[in-house]
């Protein structure tokens, strides 16, 4: 079977990780990545052997910088079966006509809204619904983290309601322009935050409300989650369900912070210190009748990366079984 030809439009925090993840698979390949300007990320992409494409008006700038562009973004799109759009939120919507004109499939990230594709994706929740689709949106890091925990609990115990409080990292580690650096910001003041409604774009029947704060850190998000279920359960029941999920990692051995989780990622030699899994403290799982609580940490730079790979596989119909795709992706990444 020929490999699916994938273009990555936007080579930033998510795009560079998606490109490497696609490259690691045996049923898909990267035909090119795009950058607007010949900055350090473009230089690294060039060193890694990726064909770089740029807006037509910027191709000359890449030539002058010593990293000749392989062509325009439009030319890259023409070579692809599917484009993974990893451009900043709002930019992806402007790119949609390019993909439609070229007749290629497209994936957007959670920075775009649900209507851009009409289908929001999470591998464990609705893989089969993405089979053969032309347009898909992979939900954000926080929504991905919530869906990964809600779905297996709902299947085993039935979820009556979810209440989630999200302490969101202020920005990514390489971002020197954003904050806060000495404040906690209500984000937003008016409740709910967008995360609850976004979960429902994937799992429509779930009753969920969310609240979010921005905190002065760049490492990870931290969720405090409360679920009420339909069935009596114990903390051990919840742990058993979570432990059955390959993209949930239990955190222990004295770890009480996101900093220590990132140190674990370094110590196990993850690329870019990535932690693709939800990180849950099993000691935090506390049951009160049919309600339970837990803490989980979400690595915003990487958690959606395997989801993008699975979305590609579903849309290109390379694998019809979601569980098999998840296993294949995980193995290729070394998860």
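Just so you know, glycine gets a Cβ as well, placed from its N, Cα and C.
In Swiss-Prot this protein carries:
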- 141: active site, nucleophile (ACT_SITE)
- 13, 14, 111, 169, 300: NAD(+) binding site (BINDING)
- 140, 141, 142, 171, 195, 196: D-glyceraldehyde 3-phosphate binding site (BINDING)
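Known features from Swiss-Prot, placed on the structure.
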residue : record                                    : Cβ contacts under 8 Å, 6 or more apart
13      : NAD(+) binding site                       : 172, 174, 301
14      : NAD(+) binding site                       : 86, 109, 301, 304, 305, 308
111     : NAD(+) binding site                       : 88, 89, 90, 92, 140
142     : D-glyceraldehyde 3-phosphate binding site : 166, 168, 195, 198, 212, 221, 223, 298, 300
169     : NAD(+) binding site                       : 214, 215, 217, 218, 219, 220, 221, 300
171     : D-glyceraldehyde 3-phosphate binding site : 177, 178, 179, 218
196     : D-glyceraldehyde 3-phosphate binding site : 162, 164, 208, 209, 210
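DSSP assigns residue 169 (NAD(+) binding site) to a strand segment in the three-state reduction.
Under a cutoff of 8 A between CB atoms, and with a sequence separation of 6+ in the same chain, the neighbours of residue 141 (active site, nucleophile) are 110, 221, 298, 299, 300, 303, 304. Compute the center of the Cβ atoms of 13, 14, 111, 169, 300, which mark the site for NAD(+); besides them, the chain residues with Cβ within 8 Å of that center are 140, 141, 172, 301, 304. Under the DSSP three-state reduction, residue 111 (NAD(+) binding site) is assigned to coil, being neither helix nor strand.
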